[in-house]
């Protein structure tokens, strides 16, 4: 059972029940990561709330439960780097729910919801990250830009991009479309694409390119008729001699 041995059987049963409930019905913007081998290390992913500098990011965090849980609050840590007044550079989370406001009746769901709300409304008065707390109070625009920058670097979800063939381009980085036939690079011993073996090609000067279904040029037909008429007239003239 590993770290689960530090928890009493009763606590383990209650914790397992709540974790399964969170997995089946997760709160909005929160996904629990179930690890049945270690219930004392609860991990989750939190979506950055819309309208905040963390929007578009996914932040992984964990709650570490001691053997005295739930009499003693868990300790919370962000595993994804984040710029926030109440989250230390080491990832430690400072929120009253995990300190003086803790009650044994509060569950994991409540704690996760409070932490996500902390991303919406920070409390710079009790800052663990003093730089972030000072910027939030004195230069919110600068604070927001810096928080967005770290979110874009460390927390953005990977996006499905176009296929490799569509993205491979020229030196300008533009996508290129494969040519249908590259006659300059066609192997001399192989027929060009779309030309069957034994089919006539323009490279053979003794071969006449023709198709049974192709219409003959009108000028060629008129010339042949004129030549035929000349032969007939010649034969008639010879007979009169």
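Just so it is clear, glycine is given a Cβ too, placed from its N, Cα and C backbone atoms.
Caution: TrEMBL annotation is automatic and unverified by curators.
TrEMBL annotations:
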- 10-156: domain 'UBC core' (DOMAIN)
- 94: active site, glycyl thioester intermediate (ACT_SITE)
- 158-241: region 'Disordered' (REGION)
- 174-186: compositional bias 'Polar residues' (COMPBIAS)
- 217-230: compositional bias 'Basic and acidic residues' (COMPBIAS)
- 231-241: compositional bias 'Basic residues' (COMPBIAS)
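Sequence-distant neighbours of the residue listed as 'active site, glycyl thioester intermediate' (same chain, 6+ residues apart, CB-CB distance under 8 A): 86, 87, 88, 126, 127, 128. Broken down by DSSP into helix, strand and coil, the domain 'UBC core' (10-156) contains 58 helix, 28 strand, 61 coil.
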